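Structure provided below as structure tokens; questions to follow.
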Ligand code: NI
């Protein structure tokens, strides 16, 4: 993987609790077939062993389609399965420590909800920024709200790719792209969908039109 | 640290939720002054950043007294602060993966509640075994119970050090040592004590008498 060439446009974040009766691996595969360009595994209430085993399965699927695959927060899991990178929030490992552990070639994304956090992360070596929550969301109850105007100011203030996150679905995705985001991170609009392939495909068409 | 020379006899496991009004760092320091021979940080409901910062503080204290210092479960935290090792349970990272990430010089302890698990962990390269819960405990609600007779059989079936854990206090510690354990892991009997120095000192005297 050449991390400079990563396509962040349709960025899938997993959440097993939103799957309903679907299988996570099958859902990720359908989402990739539908146009997902990057997959992040984000699982909060699982044992390390379950996270590791899940990550191994999803890595295999993402690898089959050459889609970059990153891990939320857990650098130990990322190292264990040789993931393409990690995404870290403001309450996760400090960026400098994460970079030291992962080395220069891995993707490290950092959550930012203000321009100050965004610039600090970029200066610290973040490869992209996750900015949100741009819309209300059930999946991240403690997330700060970031208006679309604030998203635009952050995008204009940094040079690294900016991925918007938070409550993005087919009705709202166009607005975050118009606000300048390089990509949209989607959780429930794909994971909770009865047809993850079609959901991803619809989102992809809106982004690329 | 020479991991072959580690003294496992009075093994302190932290739990911030049992501290009451005491400070964790001060409590660990008092426990070390009282005779604690090894410290494990075990924190379950904290952010990665809080765990990292806590581990940095405790590492400094343990280092000041040349007491080995290990991390429960989180290999990323252990790598980030260059801890002396990790303790992994049956639901944590597989031992072979943990060893690959940490290298040969770090301590890796593994939880075992049966002789089969104990032998498997020893054969896989565990440096010591944590065996329990030998008595009922509030701090590990899902722990299997291991009788003192079973503890003795495990000790007789392996050559690596065996540390008993689970509900051990001044009234019970002698029984686990008599059952053959190389050490006793203590949580609330020190952490929840109003005088952690005296609590550790009393336990140490019983072990060494
Ligand atoms: Ni299509």
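In case you wondered, yes, glycine gets a Cβ from its N, Cα and C as well.
What TrEMBL says about a protein is an automatic prediction, not a curated fact.
Residues annotated as 4-amino-2-methyl-5-(diphosphooxymethyl)pyrimidine binding site in TrEMBL: B:40, B:41, B:42, B:43, B:44, B:72, B:111, B:140. As annotated by TrEMBL, Mg(2+) binding site applies to B:73, B:92. Annotated domain 'Thiamine phosphate synthase/TenI' per TrEMBL: B:10-190, in sequence order.
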Which is it, of B:42, B:44: the one of these binding-site residues whose Cβ has the most other Cβ atoms within 10 Å?
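The most densely surrounded of these binding-site residues is B:42.
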Just how many other Cβ atoms lie inside 10 Å of the Cβ on residue B:73 (Mg(2+) binding site)?
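If we count other Cβ atoms within 10 Å of residue B:73 (Mg(2+) binding site), we arrive at 24.
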Among the binding-site residues B:40, B:44, B:73, B:92, B:111, which sit with their Cβ under 8 Å from a Cβ of chain A?
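Answer, by Cβ distance to chain A: B:73, B:92.
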Near ligand 1, which of the binding-site residues B:42, B:44, B:72, B:73, B:92, B:111 are found, taking a Cβ distance under 6 A to any of its atoms?
none
Tell me the Cα distance separating residue B:92 (Mg(2+) binding site) from residue B:43 (4-amino-2-methyl-5-(diphosphooxymethyl)pyrimidine binding site), rounded to the nearest angstrom.
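Residue B:92 (Mg(2+) binding site) has its Cα 14 Å from the Cα of residue B:43 (4-amino-2-methyl-5-(diphosphooxymethyl)pyrimidine binding site).
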Can you tell which of the binding-site residues (B:43, B:92) has the fewest other C-beta atoms within 10 angstroms of its C-beta?
B:43
Would you mind checking how many other C-beta atoms are within 10 angstroms of the C-beta on residue B:72 (4-amino-2-methyl-5-(diphosphooxymethyl)pyrimidine binding site)?
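Neighbour count, Cβ to Cβ under the 10 Å cut-off: 23.
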Given residue B:73 (Mg(2+) binding site) and residue B:41 (4-amino-2-methyl-5-(diphosphooxymethyl)pyrimidine binding site), what distance in Å do their CA atoms have, once rounded to a whole number?
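Counting only the Cα atoms, the answer is 9 Å.
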Helix, strand or coil by DSSP: which one applies to residue B:43 (4-amino-2-methyl-5-(diphosphooxymethyl)pyrimidine binding site)?
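DSSP assigns residue B:43 (4-amino-2-methyl-5-(diphosphooxymethyl)pyrimidine binding site) to coil.
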Around residue B:111 (4-amino-2-methyl-5-(diphosphooxymethyl)pyrimidine binding site), which residues of its chain at least 6 apart sit with Cβ under 8 Å of its Cβ?
B:87, B:88, B:89, B:90, B:117, B:129, B:130, B:131, B:132
I'd like to know the mean pLDDT over the domain 'Thiamine phosphate synthase/TenI' (B:10-190).
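When the pLDDT values over the domain 'Thiamine phosphate synthase/TenI' (B:10-190) are averaged, the result is 95.
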Taking Cα atoms as reference points, which of the binding-site residues B:41, B:44, B:72 is nearest to residue B:92 (Mg(2+) binding site)?
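Of all the candidates listed, B:72 is nearest in space.
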Taking DSSP three-state, what's residue B:73 (Mg(2+) binding site) in: helix, strand or coil?
coil
What count of other C-beta atoms do you get within 10 angstroms of the C-beta of residue B:41 (4-amino-2-methyl-5-(diphosphooxymethyl)pyrimidine binding site), across all chains shown?
29
